[in-house]
Structure formats: C-alpha cells, structure tokens
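Q: Annotation source Swiss-Prot lists domain 'Response regulatory' at 2-115. Here Swiss-Prot flags 51 as 4-aspartylphosphate. Residues or ranges marked as DNA-binding region by Swiss-Prot on the basis of sequence analysis: 126-224. Swiss-Prot lists 128, 130, 149 with the feature phosphothreonine, giving similarity to another entry as the kind of evidence.
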C-alpha cells in the first residue's frame, strides 16, 4: 500500500514512517511544503495522511487541490481541539479524521479498513445501479448521466446506495448513521448533514439535486 504522509513534524513523520513500514506500507513524505501536489502526482498514493497544520498552506488547502484531480482516500490528522476541523474535513471529502495524540495501532487499523473498503473488490465484478436516468458504478464511486460523470467520496456513495435501494421510502438518519459506522466510516449526526448537503451539491452538477428529499424530523427519501 502506498501512503503519502504529509506531516511537517519530522520526529512524528519518522516515527510513523517506521511503524507503517513494519506493516509493509510504502511511505513517502514531503520535502517542499509549497509543492505538495508535485509529490502527490509523482508518487500516486493509494491513501493520503494529511496534517491540518502545515507550513505555507494548511491541509484543507491541499485536500481541495487533491479532490480537484483525484478521489484518493484522505485521512486527516489534527492537533487542534476544534470540532470544526472534523466538519471541514468532511465537507472537503475526507474519508477519516484523527486527533493527536493517537495510538499508532488505531491509525493502522483505520488505514487497513479504508484500503479494504476502497480497493478490495473483485476486479471482474462491476456493481452498478440504475437510478432515474443515471448509472451508478459502486466500484468506482461514480455516477454517469448522459455524457457527464461525477465522483463521490466513499461515505457519500454509501449514503446514496442506502437511499436508492429504498427508493420512495423514508430512511431515518439513525439508520444511515448506523450503516456508516458498520462500514467503519466516521459520521455523527452533524456530519451526516454535511455529507448529504455535499452529495446534493455534486448531484446538482448533473441536474439531480432534487432527487433526494429531506423529510423534516424523519430522514431522507430518494425519488424514483
């Protein structure tokens, strides 16, 4: 597994690199924190570990840049005790978030869970769903409508899959949150709202934002 570790604390970087390499992870770091995207594009990581507080530009800036060109899983690290950091990371499409200090074995477990969720599917099995006049590719986390294609985060795709498998039925927020926790995603009541809003924003790019309806006090419904 190729890991890009974007961490400016060299002591922490070396400690994490050593631990991760013992699990056969191939770890790359950043030499110039003004050119994170250069390393990202040349190394082509399978997962990015991204610190929030960095020199020159913060982790949120680099997450936006990565999301412009890739749907690679991103796990944020933060030493700040600020719940808004977690909300912001969700809004930007991160897959997980950990607050420093943390246990390295928990980080490794999260990385393995993300890898299983994103990459370990049977190559010849193409899982698709049809929704209205769009084709949803569950293995690629993409939605194609006509000539347009959008890409979702894993959390957004799980939410959408839950809703469209129960089309025209109200799905409670608790049901969605429970399913996401079962899938090892990190979602609270507040961040579920963030994810649904972000999902709608992406659907608006293919004129489908009205296909998911909020049922106040009850949950959400995907229309046929």
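Glycine is treated like the rest: Cβ placed from N, Cα and C.
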Q: These are the modified residues: 128, 130, 149. Which one scores highest on other Cβ atoms within 10 Å?
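A: Result for the most crowded candidate: 149.
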Q: Take the domain 'Response regulatory' (2-115) and count its residues per DSSP category (helix H/G/I, strand E/B, coil), listing them in that order.
A: 53 helix, 22 strand, 39 coil
Q: Can you tell me the three-state DSSP label for residue 128 (phosphothreonine)?
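A: Going by the DSSP assignment, residue 128 (phosphothreonine) falls within a strand, counted as strand.
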Q: Mean pLDDT across the DNA-binding region (126-224), rounded to an integer, is what?
A: 85
Q: To the nearest whole angstrom, state the Cα distance for the pair residue 130 (phosphothreonine) and residue 51 (4-aspartylphosphate).
A: 38
Q: Let me know the DSSP-derived helix, strand or coil state of residue 149 (phosphothreonine), please.
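A: In three-state terms, residue 149 (phosphothreonine) counts as strand.
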Q: What is the number of other Cβ atoms found within 10 Å of the Cβ of the residue listed as '4-aspartylphosphate'?
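A: The residue listed as '4-aspartylphosphate': 22 neighbouring Cβ atoms within 10 Å.
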